């Protein structure tokens, strides 16, 4: 193949990639018009390069390599990273407030550790090539590595949190926050407790996080694995088929009942009567006490010993959740909730951000999930020592996508609070002296790196980057030891002395006057929490 043929093949591949990308975006109702126009423009440019351009015309092709991120991943610029940092800080604060300590585990595990833990989703695990005698896989979630850690270190009780990336060979949907590489934020309680208090605390923690992140209307769906198993028992399904049937039921949030019923018939080999019995129950959802009463008054369901065990667990859970202040309107008992992962044994829950005005609708989709898994640790212990666990995992990428959509880029608040400018030449040292004063006072400040920047360009930079305040100085201000404080949006200036500059800025920024004492106070609180 000639060099020209090679370049043409690269452009053809890139056009195909952009065409597929545009197709996926058009099929996603959440994608904005701006994103569609941008993708369409990229496709047209790619077609032009294919017709008559060369590699030197393209900023996206270098040495016959298409410069793009792998499928199911994305780059995050400064604006996105600022948002991500703020979200993760808030989540971490909630984790610490509930007394959790932080853990970390390797990004890859022995393949045998992950095998057989995820049901049908096991096919989504990324396997790695043999690198010196160990068969490894990228971690699929943070729960199985945590269970391995507990078993390996002979831990009997721990409350931990972990924020780290996981990897799934799934079909990505970037517009909806579904990636192949993404962060999870996990909170887990391990230990032998006779009550449902740890389970209720996980529901409460989830409610706190979604409330403080302001993701919009949401609902926390709850169910119990033994209630599902009771339904399957009533339907006369063989126990060794429970997990497979559960994985199929778990698809109801993305598929119609007709599609799920067909899979139950063709893949799970259930007959019409069994499918009809399942349908009778999984279509029931509503307030916790109401659904609980429906189940308790159904003699057919209550004939199942597994179902009764699930009911016995849900009764105190509902009571504890109410005592902990989780509003009833934010919880729903949904018998279709299955959580297809094999390791769940008890309470299961999932948080869904709903459409405005539809408190129980599907809306944007699931942003968190979790439940009780009492037998997972024992799978890794040589003596099959069981350590009961319950936890919750926050799908933070979906939350990032929701918050990004809510933000209007033109009104997005900037990270920098104050920009130090000068109106004349030869003021670099004075600008640096003032910005150092702001940094020392805990104010987020910036200054131009040019030795003699033009004032208009400096002020335009403030407007373009949504910096609310600017300090303006000239030779006269330096001699009189004053500065001009400029409200960038209103374009109004007030003169204050250098000695009062920091106090006045903090007043306008609504910051504590003594930043050092505030930092110490926060540190003391964190120490007490941990």
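Glycine too: its Cβ is placed from the backbone N, Cα and C atoms.
Features reported for this protein in TrEMBL:
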- 72-403: domain 'Aminoacyl-transfer RNA synthetases class-II family profile' (DOMAIN)
- 141, 142, 143, 168, 184, 188, 339, 343, 344: L-histidine binding site (BINDING)
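Spatially close to residue 344 (L-histidine binding site) yet at least six residues away along the chain are 225, 371, 372, 373, judged by Cβ distances under 8 angstroms. Residue density at residue 143 (L-histidine binding site): 26 other Cβ atoms are found within 10 A of its Cβ, drawing on all protein chains shown. For the binding site of L-histidine, formed by 141, 142, 143, 168, 184, 188, 339, 343, 344 according to the record, the largest Cα to Cα distance is 21 Å, rounded to a whole number. The candidate set comprises the binding-site residues 141, 184, 339. Of these, 339 has the most other Cβ atoms within 10 Å. When averaged over the domain 'Aminoacyl-transfer RNA synthetases class-II family profile' (72-403), pLDDT in the model lands at 90.
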